[in-house]
Amino acid sequence: MSFQAMETFAEISQEILMSATKPPDFDFVLEQVGNYGTYQIVFFFIICLPTSLPSAFSAFNIPFVVGNPPHTCHIPEGKEYLRPLTNDTQILSCKQYNETQINVFRAFTSAPVDTYSDRISLVPCQNGWDYDNSTYLDSLVTEFNLVCDQQAWIEISTTSFYVGSFIGNCLFGYVADKFGRRRSFFVILTVLIVCGTASSFAKDIESFIILRFFTGLAFPALFQIPFIICMEFMGNSGRIFSGLMTSLFFGAAMALLGVVAMFIRRWRQLTFFCNAPFAFYIIYYFFLPESPRWSVSVGKWADAKKQLKKIAKMNGKSNVDVDELVDSMKNHQNAAEEKETKRSHNVTDLFKTPNLRRKTLIVTYIWVMNAIIYNGLTLNVSNLPVDDYWSFIINGAVELPGYFVVWPLLQCAGRRWTLAATMIVCGIGCVSAMFMPDGYPWLVASASFIGKFGVGSGFAVIYIFAGELYPTVVRAIGMGMSSMVAGSGLLLAPHIVNLGKIVKILPLLIMGLMALSAGILTFFLPETLGAPLPMTIEDAENFGKKPEPDSGMFTQAAKKRESQPLLEPHTPMDRRRRSSRLMNI
């Protein structure tokens, strides 16, 4: 036997040894049945994508529902003298002259009120308010008179939604990982439809706030769970596609909501329209499958086989022996993996090991910054010299081009560099507003839109990136926890925007610095392009521990793609290839 033959024999022997110890993981099995074929595309467009509509419509109709139009004290006919003689809209909105004092003066003089108005005290509106209905035909504010000393109810109604989101993120993240994605989705959908629709019939502000809380409880998970299912059905390129298309559709849904609200200018009808029609999605119960990746992670092998066979059949790969592949994966589960899949998981698992803890904290910080900036810029857009409806439409539409920009970047530059770039662009755009010359408000608006362009793109990337960093056994918990903390951060957004009353440019400056800090911190996360999704806590802890010697943007991404083996050492085809090579020796 020649030296070359001996070398080849040694190489093959090593491959055979590897095949005995290295089982096929789920990503390999999914690749065999098709990880981005007809099944995934049909599933995504018919089932996953449409579920972005109810989450966008239910959550973001609130600016129109609580629209606060210009208003003044209602002055009875013939008593115009009760209206304060000032151009201060804040006074005119909530104050009128004290009628008792005026009557005393009028008993002794016939002089006009303006001659002694400085001696008349101002009192709260005594006869209700007159509202300008040129923008809103009615709203929660105008129906329940939530103005002046009652204005705090508007903030409470908004806050109740975010408090519900905060709790729902944690609760339904656990439920989705414990009981499955499919069951959780329909529980959440039912809660949102019932409570959202019921809020359109609220008889008082207290009832509306309670129902709004439960709507918020369901909102985050309703958006996240279909995305998680899609991501767990697909390979690397499919995950990019599904993540960006979901965000693209969400942005389009936001713009569409602005158009719908423009035609439905009564808050009860709008609230009903934004919730009740989505009861149609209940029929998805008969079509939405459980994630086979989740089934594998909790040891439901029969369910995983059944779903993988459907995928293989629809993708034209019926010749693949799914039973053999899944049985091999099952039989080669090591003791640690078996322990992982059988025990119950909770949010503390994300913090027990140092590497996963570090990644969790960084991802959560970036998510919080993204959420505050995204919502802050949305609120700040209302200050542009266009009406509320056009502001909202522009706010949704400006995100759309960003998704087309990050799509190729995610595949050639990777997740880390793309996320960092989007947040830094956002930061530069917002901070640049302070350098704009006075008298050119459109320049400040452009800076704000550049910021929204960046943070909107980053919103799509963080979902993909976080989903690939968290392991399957706690993926929904991890994403729910990060989103939950971000939801609590959302309470800061209105206060940051209100700082514009002190210095107009201050909100953009603060949000710009937030974005820059998030962009820089992104570089401390490992790249996930081309890497298999971690299944267990151990997988996630080991991933990214050792930085690659060459961390260049395009070089690293290319190496990850090239490093993917064409044939795994445990496949039947590879065994035949080895036999052929041995015969040639």
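Glycine is treated like the rest: Cβ placed from N, Cα and C.
Going by the topological domain names that Swiss-Prot assigns, Cys412 and Gly500 belong to different sides of the membrane.
For the residues Asn87, Asn380, the entry in Swiss-Prot flags N-linked glycosylation site at a single position: Asn87. The N-linked glycosylation site entry in Swiss-Prot, when matched to the candidates Asn98, Asn346, corresponds to Asn98.
Stretch with the most C-beta contacts under 8 angstroms to the transmembrane segment (244-264), considering only 41-61, 213-233, 361-381, 417-437, 447-467: 41-61. Between the CA atoms of Asn133 (N-linked glycosylation site) and Asn87 (N-linked glycosylation site) there is a gap of 20 Å.
Sequence-distant neighbours of the transmembrane segment (390-410) (same chain, 6+ residues past either end, Cβ-Cβ under 8 Å): 63-64, 240-241, 244-245, 247-248, 251-259, 261-262, 377-378, 381-382, 384, 417-418, 421-422, 449, 452-454, 456-457, 459-461, 464, 529. Within the same chain, the residues at least 6 positions away from Asn98 (N-linked glycosylation site) whose Cβ sits under 8 Å from its Cβ are Ile120, Ser121, Leu122, Val123, listed in sequence order. Compared over the glycosylation sites Asn87, Asn133, the count of CB atoms lying within 10 A of a residue's CB peaks at Asn133. Contact between the transmembrane segment (156-176) and the transmembrane segment (477-497) is present: at least three CB pairs lie under 8 Å, with pairs separated by 6 or more positions in sequence.
Residues 51, 54-55, 58, 140, 144, 146, 153, 157, 168, 172, 175-176, 211-212, 214-215, 217-219, 221-222, 225-226, 229, 267-269, 271-272, 274-276, 278-279, 281-282, 284-285, 288 of the same chain lie 6 or more positions beyond the ends of the transmembrane segment (185-205) yet place their CB under 8 Å from a CB of it.
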